[in-house]
Amino acid sequence: MAQSVFAPWDDPEQKPLIQFVNVTKRFGDFTAIDDLTLDIYEKEFFALLGPSGCGKTTMMRMLAGFENPTKGHILLNGKVIDTVPPNKRAVNMMFQSYALFPHLSVWDNIAFGLRRESKDKDAIAARVEEMLRLTRLTKFAKRKPHQISGGQRQRVALARSLAKAPKLLLLDEPLGALDRKLREETQFELMDIQEKTGTTFVIVTHDQEEAMTVASRVAVMDEGRIVQVATPQVIYEAPNSVYVADFIGDVNLIRGTASARPAAPAAETPIAKPAPNAPPPEPETTAAEPATDTQPEPRPQPNALGEWLHDTLLTPILGQRDPGPRALPAPTDEERAAHAETAETPASHAEDIPAGGLQIVWADDKPPLIAANGDEALAGKKVVLALRPEKVGISKTRPDAANAMQGKVIDIAYLGNISTYHVELPGGAMIKAQTANTRRISRRDITWEDDVWLSFTATAGVVLEDVS
Amino acid sequence: MRRAVLIGIPYLWLVALFLVPFLIVLKISLSDIALARPPYMPQLDLSEGLSGLFAFLAELDFENFVFLTQDSLYWKAYLSSLQIAFTATFITLLVGYPIAYGMARAAQEWRPTLLMLVILPFWTSFLIRVYSWMGILSNEGVLNQLLSWLGVIDAPLQILNTNTAVYIGIVYTYLPFMILPIYSALEKMDESLLEAAEDLGCSRLSAFWLVTLPLSKSGVIAGCFLVFIPTLGEFVIPSLLGGSQTLMIGKILWEEFFSNRDWPVASAVAVILLLILIIPIILFQRNEQKQREAEG
């Protein structure tokens, strides 16, 4: 609940804690950071995510003060800190290698930063004890770093960097050296500590799962630029580019050409008529008919005019929309009674598909895919439909869905909780479909070489412009 | 069986090459000088059996060791050697540390070259290198010529045959022994430790004192012992570069042995020197041991 309330980036009143203003960083000929502007707010858990060499570590090192920007400015609390040396910044860093001082005990490691501020001994001792309690290290205070485990070392590093109560804590791949189980535990611990201390955390990671788990916002980076900054949910469900969709999680990318779908339900009525036909030819007719209806309309029109048309058309459409579908179920019910299961499928899916959006021709001899959430501005362009495997259903019989494709199971990856099916379409394309294994293995019926149906709803995928 | 052989070989080595020679030296140090070949008495004559052995043992005494305490030359030489060794070790450390630090901070591709340059002098005979220092430091030597040509000095500086020349020679000769262990300690150090120290509020200088120096401590200790131990008994450098006033026990030992042909007294000097050296050698071993434990 707190997560949904906490969104300072949507509030224009909020002042960002960290601002990157047109920052460029070059190392010789190599541009590590390219004209980057970014705001990070107080109490955020901000993740910089990207493949190695994308500039995320350079950004962090500029925040810590180990590198200075070549151009542009970095502001902390509204003050320019471009050239402030690291020892004079209210920013602390947790290093990837932890960088614990091997000649000092855990206690002295944590006290190291406090002693530099020449506080009195009692205050230092109290703060160190507090940090030891926070990170559950009290028992190990007297040990040297090489006498404790990797997970404990990680916590010492965290305690040491938090001890000075920095305004901003930087974490450089903090969990990279831990095994999976410990990493998952530590992720929740980090979030817990971040909440308790109220410190702003900026984490650098190449592990998208880690970024999604811990962060309030994620910035996906590529070659010195930020491709998308958004909450994990938006990054995952609504990536703004093929790069982000492909980088975050598993994704099926279906390339094709988009065309607009009719916005008015009137255009959909003819769909119901050929519906009672045999299933395979049916989607083809659905594709053909709206295509001829709509293609001449949006294509020659410029964007602004198209928008205006759309806006003026939308209001009457919305009014008409309700009676439209209501009128449809009546005949389909009759058909349902008359026909077998096959008839049921197209009828009910015609009812579910929202109007508008795009349809994507991805193979000459296959019905186009329907993406009701597609942006009409992409009509006529080469597009990629990004589809998460878990949103693709798999079944042996033709399912009742807006989009259905037939294929053959080539591979099954059984992961225990879920299974991923690699299904080859007749054209040779591979589509991954994921199902939760709610049934015991002996009772599941899909196996290798089976002919199966893949299906997904009209809003399951995200239509993105194909830039490649 | 195999284990016994494996353990036995190094012990056999130590017994044959260290313990036996030491016992011979010890025995000579307990003998008396004699005009004979070898120039000391008594000789062990095993043909007379057990009684001969007892007669031999009865003639051994600590006379030479008592003599060493009576003549101030010897203990002055020991003290002077210690003092020269200490000072020279300290100077070598002051010179060697920055070189090792620079090498460890140099670009990765340069390090093998720099390391090579440090080791390179070992490819030439040590004696030749000391002789060449005589050529550099003498009154008509390269250094004095250069300085007078530059107009820095009017009369040549007397460097050769002074303690200064001895220090120069020792520092020059033993510098690699100081640089290598310090370099190896500094090179192992993770550079992010310094960044961490800076991040936690250290200036560059205090980061050096609080992180770099403590972490190179074992290298510094090893280097100091590696310089101090051979310097204490050094004989070639003080005899070639030092003057008559340069008092070092290695030189005294050589003179007792070859000029005076007093093998028993020379042996007594050597035994005392060995006993003095055992202390730093044990400390050195302990440092190495601690280092291994810290790494393991």
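Glycine residues also receive a Cβ, built from the backbone N, Cα and C atoms like all the rest.
Curation does not apply to TrEMBL; its annotations are automatic.
TrEMBL lists B:12-30 (among others) with the feature transmembrane segment.
A Cβ distance under 8 Å defines the sequence-distant neighbours of the transmembrane segment (B:77-101), meaning residues of its chain 6+ beyond its ends; these are 118, 163, 166-167, 170-171, 174-175, 178-180, 182-183, 186, 212, 216, 219-220, 223-224, 227-228, 231-234, 238, 247-252, 272-273, 276. The transmembrane segment annotation in TrEMBL covers B:77-101 (among others).
Per TrEMBL, the feature domain 'ABC transmembrane type-1' maps to B:78-284.
Taken from TrEMBL, the feature transmembrane segment applies to B:113-134 (among others).
Feature annotation from TrEMBL assigns transmembrane segment to B:165-186 (among others). Remote same-chain residues near the transmembrane segment (B:165-186) are listed as 84, 87-88, 91-93, 95-97, 99-101, 103-105, 115, 118-119, 121-122, 126, 129-130, 133, 137, 159, 212, 215-220, 222-224, 226-227, 230-231, 234, 237-238, 240-243, 246, 248 (criterion: CB distance under 8 Å, separation of at least six residues from the stretch ends).
Remote same-chain partners of the transmembrane segment (B:207-229), defined as residues 6 or more beyond its termini with a Cβ less than 8 Å from a stretch Cβ, comprise 85-86, 88-89, 92-93, 96-97, 100-101, 170, 174, 177-186, 189, 193-194, 197-198, 277, 280-281, 283-284, 287-288, 290-291, 294. For B:207-229 (among others), the entry in TrEMBL reads transmembrane segment.
The transmembrane segment annotation in TrEMBL covers B:263-284 (among others). Note on the transmembrane segment (B:263-284): residues 22, 25-26, 28-33, 38-40, 64-65, 67-68, 74, 78, 82, 221-222, 225-226, 228-229, 232-233, 249, 252-253, 256-257 of its chain, located 6 or more positions outside it, place their CB under 8 angstroms from a CB of the stretch.
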